[in-house]
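**Student:** Not my notes, these are from TrEMBL:
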{"type": "DOMAIN", "residues": "20-432", "note": "domain 'Amine oxidase'"}
{"type": "BINDING", "residues": "S21, E40, A41, V217", "note": "FAD binding site"}
{"type": "BINDING", "residues": "F327", "note": "substrate binding site"}
Amino acid sequence: MLNNLNISHCYDVVIIGAGISGLACAQALKNAGKNVLVLEAKERIGGRLHSINYEDETFDLGASWIHGIDNNPIWEIAQNNEIETAIFNYIGSDFFHENGQVFTAQEKQEFVEYIQCIEKLFLESKQDSAQNALNDIFNNLTINSLSFSHNQLKKLLYSYFERFANDPFATELNQLSTQFQKYEGYFNGDEVIFPQGYSQILSTFCKDIAIEKNIQVNQMVLENNAVKIIDANDREYLASKIVVSVSLGVLKKNLIQFVPELPQQHQNAISKMGFGSFNKVFFELEDSLNLQANSNSNSFYYWVNGTWFNILDLSKIYNKPIYLMLFGGAQSEFIDKTTDVEVWDFIYKNLNTSLINLPIKPKRIFITRWGADEFNYGSFSFPAIGHSESLVATLNEPVEDRIFFTGEHCSLEYAGTVHGAYLNGLETAEKI
């Protein structure tokens, strides 16, 4: 397209963002006979699906898991396209004391039972924030433990829920809604990953869809019978309707100017919904940590300096000593701002006592920094204090039947997930 041209062509729909929701929406509209164009700010498609290949291995820097395969549409797509998956459930974790000793069977049983008890009490709480709710719960919780002292168990449990706010919600307890369990959004069944990368899914959405990359949209102008889209180079596009599938983080930064401004209720919804930073640290070592020597688990929690650290053992996936650590909330924001050396130093200083064979330097390391990504400003949405179904419903309401929003943050049942983004993309296409 040329600058400032008199546009003779008007698309039926222009979609801003080539993540999973935008691509699913585009495919559905294309199949319905619509003339569709997708504009993507990056040089690649996929959004927060991003697989990289390095020395014959594939690493998913964005989403990794199909969260529950029972009736999950992403699982169905993978099966229909014969895309390889591997089961990787990590709910049956092992827990370790600060001295590196694994919890006994009785300790683990007691600890898990108290976790489940507290989860039920959250649902009964009248507090707004998960932190205040947890404080109330502990003030009234009767602890009769055969394995832990009263104070020790309280510290372990409190830290566990601090960690739970980080993963899977990418935030801190004081920012998380007490009703977080209503919005977890997983399907039942095994959790699976893609040994050759989640991005394989994307090719199933891109057939015969017009996509322009490296197009950063700055402005959307509602005109009499169309919407005008203006990019960073003053190129203009016209569409009868537009679908905004950028991340909630981009919307919160007001990087796209809407003319006229979005209705106040849409602005309020964008402002009040949570969007957090969540980062991955993949690392390969020369020698195995032997985490699975006496366990069938692939998830290991280490209690260190009042904090739980979680290591996922990917050795059986890669046939090499490769591990993954997940960080959300404040720790993830720290990673967004620091170097690889500083991140590994943080990990090493916290875990070298519990893991005596942890080296000073890994063989190789891959670290994500989604919070510093100027086209995302975070990883996924979460139910912040004051979150409600009405906020999500507002974002799903089109503006003058011409501006539509889609994405994982627009999914009421499945926010924060790939399947949520996919399903919401299809729902948006249905509205159009």
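Cβ coordinates come from backbone N, Cα and C, glycine included.
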**Student:** If you count the other Cβ atoms within 10 Å of each Cβ, which of the binding-site residues A41, V217 comes out on top?
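**Tutor:** For the binding-site residues A41, V217, the Cβ with the most other Cβ atoms within 10 Å is V217.
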**Student:** How would DSSP class V217 (FAD binding site) in three states?
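**Tutor:** Going by the DSSP assignment, V217 (FAD binding site) falls within a strand, counted as strand.
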**Student:** Can you count the other CB atoms that lie within 10 A of the CB of F327 (substrate binding site)?
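**Tutor:** Looking across every protein chain shown, the total is 27.
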**Student:** Around the FAD site (S21, E40, A41, V217), what further same-chain residues have their C-beta within 8 angstroms of the site's C-beta centre?
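**Tutor:** The answer, listed by sequence position, is I15, I16, G17, A18, G19, G22, V38, L39, K42, G47, I215, S245, V246, F375.
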**Student:** What whole-number Å value do you get for the CA-CA distance of A41 (FAD binding site) and F327 (substrate binding site)?
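**Tutor:** Rounded to the nearest whole number, the Cα-Cα distance is 26 Å.
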**Student:** If I take the Cα of the residue listed as 'substrate binding site' as reference, which of the binding-site residues S21, E40, V217 has the closest Cα?
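**Tutor:** Looking at Cα distances from the residue listed as 'substrate binding site', the smallest one goes to S21.
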**Student:** Including all protein chains displayed, how many Cβ atoms other than that of S21 (FAD binding site) lie within 10 Å of its Cβ?
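**Tutor:** I count 32 other Cβ atoms within 10 Å of it.
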